[in-house]
């Protein structure tokens, strides 16, 4: 694991080439087809060196939850082990790692009719009124969820209306944790400044590779919009807004790089409190040797 632009893919490919391993992607952007440049999806050459599972498995119009990931990852892990190989999970979506390692609460699936009903109430009365509803049925979640966070607020109310139980009550029960021995590594530069520079460099390379054209093609489909999880991925939202004329090119670059740096900051916050984690420095010589030594 590690923040964006920290060198996870390069190390994973080295591991896959030199040892009997297969890579499973743990990345909420790489699951989407047609989102290659802005997600820093491994190139065709890199995928030939080390195939990645759970890449290009969803259309950008579709949703994909942590529960979906857990089910898919468990299936892939079992298959890789049955082949006599070692699965290597690589990515920066910490919620996916957490769901896989610790299990998930038995929450009901989304109900589009109830979601539409909640949205209609919000349009008529405002999200503050719905937040008061949540405070009555689930005061713990109401303290945690801000009235200006409609996605999480809607989900908490939806869960109650489907199940008759609060989100707090349901999240107190989890499925079984991962039934395998796991060695966990994080890779990142020692200095935040270095990571910030890497993020800026990588985004400029994405632009040179045709990222704006990629977003324009997605936009031209007509069925995608900025409220979809796929279009909330860093870089895509800012480029979409640029194409809509909301700001100029330089502002788009500034906003996209800033959003990516904020993502990296959140990822590092998760990792600093992550238990049983072995740290590696980005670009350091001997990372593979250190990793293999820890796995023995």
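We number each residue from 1, going along the chain as drawn.
Every residue gets a Cβ built from N, Cα and C, even glycine.
According to Swiss-Prot, the protein carries these features:
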BINDING   2, 3, 4, 5, 6, 7, 8, 9  ATP binding site
BINDING   4, 5, 6, 7, 8, 9  substrate binding site
REGION    27-30  region 'Interaction with substrate tRNA'
SITE      93  site 'Interaction with substrate tRNA'
SITE      115  site 'Interaction with substrate tRNA'
REGION    151-155  region 'Interaction with substrate tRNA'
REGION    232-237  region 'Interaction with substrate tRNA'
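Features recorded in Swiss-Prot, as mapped to the structure shown.
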| residue | record | contacts (Cβ under 8 Å, 6+ apart) |
| --- | --- | --- |
| 2 | ATP binding site | 8, 92, 186, 187, 188, 267, 271, 282 |
| 3 | ATP binding site | 92, 188, 195, 263, 264, 265, 267, 268, 271 |
| 4 | ATP binding site | 40, 92, 199, 234, 260, 263, 264, 267 |
| 5 | ATP binding site | 40, 195, 198, 199, 202, 260, 264 |
| 6 | ATP binding site | 92, 187, 188, 189, 195, 198, 264, 282 |
| 7 | ATP binding site | 187, 282, 283 |
| 9 | ATP binding site | 40, 42, 46, 90 |
| 93 | site 'Interaction with substrate tRNA' | 26, 27, 28, 69 |
| 115 | site 'Interaction with substrate tRNA' | 154, 158 |
Secondary structure tally of the region 'Interaction with substrate tRNA' (151-155) (DSSP, helix then strand then coil): 5 helix, 0 strand, 0 coil
Tally of residues which DSSP labels helix, strand or coil - the region 'Interaction with substrate tRNA' (232-237): 3 helix, 0 strand, 3 coil
Cβ contacts under 8 Å made by the region 'Interaction with substrate tRNA' (151-155) with residues that lie 6+ beyond its boundaries: 115, 118-119, 122, 127, 130-131, 134, 145, 167
Helix, strand and coil residues within the region 'Interaction with substrate tRNA' (27-30) as assigned by DSSP: 0 helix, 0 strand, 4 coil
Per DSSP, three-state class assigned to residue 8 (ATP binding site): helix
Cβ-based neighbourhood (8 Å from the centroid) of the substrate site, residues 4, 5, 6, 7, 8, 9 excluded: 2, 3, 10, 40, 92, 187, 198, 282
Shell of the ATP site beyond 2, 3, 4, 5, 6, 7, 8, 9, same chain only (C-beta within 8 angstroms of their C-beta centre): 92, 187, 188, 282
